[in-house]
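Colleague: Here you go, one structure.
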Amino acid sequence: MMAAGPGAPRGGGPVSVVLWLGILGAVLGTAQAAVYFREQFLDGGCLQTSENSKFYAISSRFKPFSNKGKTLVIQYTVKHEQKIDCGGGYVKIFSSDLDQKNLSGASPYYIMFGPDICGSETKKVHVILNYKNKLHPIKKPIRCKVDGYTHLYTLIIRPDQTYEVKIDNEVAALGNLEDDLDFLPPRKINDPAVKKPSDWDDRAHIDDPNDIKPEDWDEPEYIMDTSDEKPEDWDHAVHGEWSYPMVKNPLYKGVWKPRQIDNPNYRGVWPHPQIDNPHYSPDYNIYSYENIGAIGLDIWQVRAGTIFDNFLITDDEDYAEDFGDETWGETKDPEKEMNIRQAEEEQQRERVAEEEYFEQWLKKKQGGKRESQKDRTKKSPIGKEEL
């Protein structure tokens, strides 16, 4: 297994696409679990981005299937070993007709899932589903992990149109697809035939009628700086008539507004009566896709070094959880212990380097003092009588 080579920046196409070999076809895991795809890179290979500011594209096919009437579980591990500052770590699920050689951000996909980090603003888990050739992102914010450890990401989509997102085998978000993604028009809408009563006061606060603007309040925002003088070389023909420059008025207080008080007539927000939306039509197959046949990475990374592993697509939630425990679960504690040891060793190296630097600096300074004393003795010899 080899990692995908870096390609052109977004906007161009990927320079190279490397396909990895997964487990093709449905394989029985537990008693009734269908495993459509599984890749652990047990041959010792590693799927890792390698160059900064590059676009990466890699994908693998498997025997096409439909999740109609079945649970769909997508799971994998991500480790941002480089302490990523901007870049994607998500996967995409494609139909079986994916053009793998020309995989890019423009390639149509069914599902996009996983972490995305960029600066201080973007630290989220994407859940984007394709419905009738339109992409619908989840409305609920889900924060991803931002440390340098390996984390397990799991997306579960069920036939009852509920979903669940887990991070490290713990629930991070759950809900109903129809409620949390804008697939369909709303079930209910405001009744257009009903208007808010004219005497309904929904202002929580009002101006205090007893509050009066102070007489000395009004001051211009800018005033002339009369301390300035016209330059001696001022040419009226070139610069026009000279005038004093305008400066900020220190007495300016802004626009006066009366203080606010509670509105004694406040009745709250008016509840607009709702009616059934005539444009709403339920769809009980939002969750399902036909000819699911490929999984891939299509990401841009400013700082490379992310490691992807333990890919799994199955129809069994319990099997996926057990698989996560047997892979990520077995390595998470040793990984943290190793990182702690490495951090301690790095701190020790830094202390030793600082001590060596200080010793050298001290020796140099003491040597300089001795030389200075010798110079002074040579320049100003002291006679016996002075002693």
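Note that the numbers count up from 1, one per residue, in the order the chain is shown.
Cβ atoms are placed via backbone N, Cα and C, with glycine included.
These figures come from a predicted structure and were not determined experimentally.
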Colleague: Can you tell which of CYS46, CYS86 is bonded to CYS118 by a disulfide, based on TrEMBL?
Modeller: CYS86
Colleague: Which sequence-distant residues neighbour the compositional bias 'Basic and acidic residues' (329-354)? Criterion: at least 6 residues beyond either end, Cβ under 8 Å.
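Modeller: Distant contacts of the compositional bias 'Basic and acidic residues' (329-354): 148-150, 152, 168-169.
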Colleague: If you count other C-beta atoms within 10 angstroms, which of the binding-site residues ASP116, ASP298 is the most crowded?
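Modeller: Neighbour-count leader: ASP298.
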Colleague: Restricting to the chain of CYS118 (disulfide bond) and a gap of 6 or more, list residues whose Cβ falls under 8 Å of its Cβ, or answer none.
Modeller: ASP85, CYS86, GLY87, VAL302
Colleague: Using other CB atoms within 10 angstroms as the count, which residue among the recorded positions CYS86, TYR90, LYS92, TYR109 scores least?
Modeller: CYS86
Colleague: For the compositional bias 'Basic and acidic residues' (329-354), DSSP counts of helix, strand and coil?
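Modeller: Split into helix, strand and coil, the compositional bias 'Basic and acidic residues' (329-354) gives 26 helix, 0 strand, 0 coil.
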